[in-house]
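Student: The structure follows.
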Amino acid sequence: MNGLLASDKYVVIVGLGATGLSVARYLHLRGERFSVVDTREHPPGADELMALNNKVDHHFGAVEQPQIDLLLNAAEIVLSPGVDRRTDFIQAALKNNISIVGDIELFLREVQVPVVGITGSNGKSTVTALMAAVGAKAGFKTCAAGNIGLPVLDALQENAELYILELSSFQLESVSRPGLTVACMLNVSEDHMDRYNRFVDYCMAKQRIYFGAQNVVYNIDDKLTQPPIVDGVARRGFSLSKPIEEGESAFYFSADTGNLCAAKDNLINIDQIKIFGRHNVANVLAVFAMADALNITRAATCAAVQEFSGLDHRCQWVAKKRGVTFINDSKATNVGAAQAAIAGLSASFKRILLIAGGDGKDANFFSFGKLVDAHVAVLILMGRDAGAIADCVSDTTPVVQAQTMTEAVEVAFSSAEEGDLVLLSPACASFDMFAGFEDRGRQFAAAVEGLTE
C-alpha cells in the first residue's frame with residue numbers, strides 16, 4: 001500500500017501540533033516533498049519541525065493569497081483534526097477538488113495488520129485502553145493510538161500485530177473509507193457544536209467509522225449508533241438490558257444476576273469489574289463484542305477486564321473522607337459524558353454533590369438540567385458557562401457558584417453527609433480555567449487532599 005502520495009507536487013500539511021508533526025516525520029522519512037501551513041504565529045511543534053528539516057517550506061500566521069494558491073495546487077492536503085473544515089481556505093480547496101485527508105487515512109494506506117477503530121461521544125479512551133489490554137492478554141503485540149494520545153503515524157514504528165485506534169469525529173471527517181477490521185460506535189450525544197452547523201452533521205461524521213468495515217459493534221440502546229446493513233458484514237450489538245430481538249449477536253447485562261452475558265452464556269459478574277458505573281458496564285460489553293469479532297478467547301478478555309482499573313480522570317476514585325467519597329471525572333468534557341457518570345453512579349451513593357461547568361462548546365444543557373434535578377442534591381458551578389447550566393436547573397435544586405476548584409471542593413464537602421458522593425463531572429471543556437482536563441482533575445484531587453476532616 002506504499003507510494004500513494006504524489007511525488008510531483010507538494011503535499012501540504014495544514015495544522016502542526018502533535019498530529020501535524022507526526023505527518024511531517026512520516027513524509028520526511030519517505031522522502032516526500034511537503035509544506036506546512038498553520039494559522040498560529042508560534043504553533044506547537046514548530047521547533048521540532050525545524051530540527052527535522054530546517055529548510056522545510058512553511059508558513060505560520062494568517063493565511064493569505066500565496067498560501068491559498070499553494071493549497072489550490074497541492075497534490076494532497078493532510079488536515080490536522082484541530083482545523084475546522086469549514087474554514088474558508090479549506091472550503092476553497094474542496095471546491096477545487098483537492099484531496100483532503102488526515103493522518104488516519106495515511107496510516108490505513110500503510111498498515112497491513114488488523115485495525116480496530118472505536119468512536120463515540122463518551123468512553124472512547126477507556127474502551128480503547130481496555131481493548132488494547134485485551135489484545136495484549138491474548139498474546140498480540142498491541143498498540144493503542146489515535147485520539148488517545150499517540151499519533152497513528154508514530155504508532156507505525158511500533159510494528160504492532162494489532163492496532164486499537166480511538167477515533168474522534170474530526171479524525172473520521174478526513175477518512176474516505178476506513179475499511180477497519182472491527183468498527184465500534186459506543187454512543188452518540190451532542191458534542192462539539194462549535195465545530196458543526198447541525199447535530200446531524202456530527203452524527204454523520206461518526207457514522208463514517210462503519211464504511212468498509214468487516215465487523216461492526218454498536219449500542220443497541222442508542223439508535224444513533226445503528227450501522228447500515230451491509231451484506232457480508234458481521235454485526236454485534238451490546239445493551240444494558242436483554243434485547244427483545246434475538247436476530248443478531250448481542251452482548252447484554254442481566255440486572256437480575258449482575259452478569260454480563262452473551263446469548264445464554266455468562267461472561268463476567270459486575271462485582272469483578274473495577275471501573276465504576278453502569279456506563280462502564282456498557283463499555284465492557286462493547287469490549288467483549290469486539291474481542292469476539294477478533295476471535296479472542298473469552299478467558300483472555302475476562303482476565304484483562306478483571307485487571308483493568310481505568311484511566312486517570314475517568315470516574316477515578318480519589319479519596320473517602322468523613323464517609324464522603326470523591327470521584328474525579330474531569331474527562332467528562334461534554335453533556336453526554338457527565339450524564340452517563342451521574343446516571344451510572346447515582347444508585348451507589350446516598351446523594352450526589354456535583355461540581356460542573358467550564359466551556360460548554362455551545363451545548364444545549366436542557367437534558368443535563370433535568371438529570372441534575374433528578375439525581376443531584378447540590379450543584380456547584382464554575383467557569384464560563386456556569387450561568388447557562390444554572391438556567392437549565394429548576395429552582396428546587398440548590399446551586400452554588402464557585403470561583404476556584406478549591407472553593408468548589410470545600411463547598412461540596414461542607415454540604416456533604418456520610419454516604420454521599422462528591423463528583424467532578426463538568427459536562428464542559430476546561431480551557432477557560434485550566435490547562436486541560438488533566439490539570440482540572442489534578443487540581444480537584446489536590447483540593448480534596450487539602451481538606452481537613
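Cβ coordinates come from backbone N, Cα and C, glycine included.
What Swiss-Prot records for this protein is below:
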BINDING   Gly120, Ser121, Asn122, Gly123, Lys124, Ser125, Thr126  ATP binding site
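Tell me about the setting of these features in this model.
Tutor: Neighbour list (Gly120 (ATP binding site), Cβ cut-off 8 Å, at least 6 residues apart, same chain): Val127, Cys184, Met185, Leu186, Asn187, Val188, Lys206, Asn219, Thr225.
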Student: Here are some binding-site residues: Ser125, Thr126. Which one has the most Cβ atoms within 10 Å of its Cβ?
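Tutor: Per the Cβ count within 10 Å, the most buried is Thr126.
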Student: Under a criterion of Cβ-Cβ distance under 8 Å and sequence separation of at least 6, what residues of the same chain contact Gly123 (ATP binding site)?
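Tutor: Gly123 (ATP binding site) has long-range Cβ partners Leu186, Asn187, His279, Asn280, Ala282, Asn283, Ala337, Ala340.
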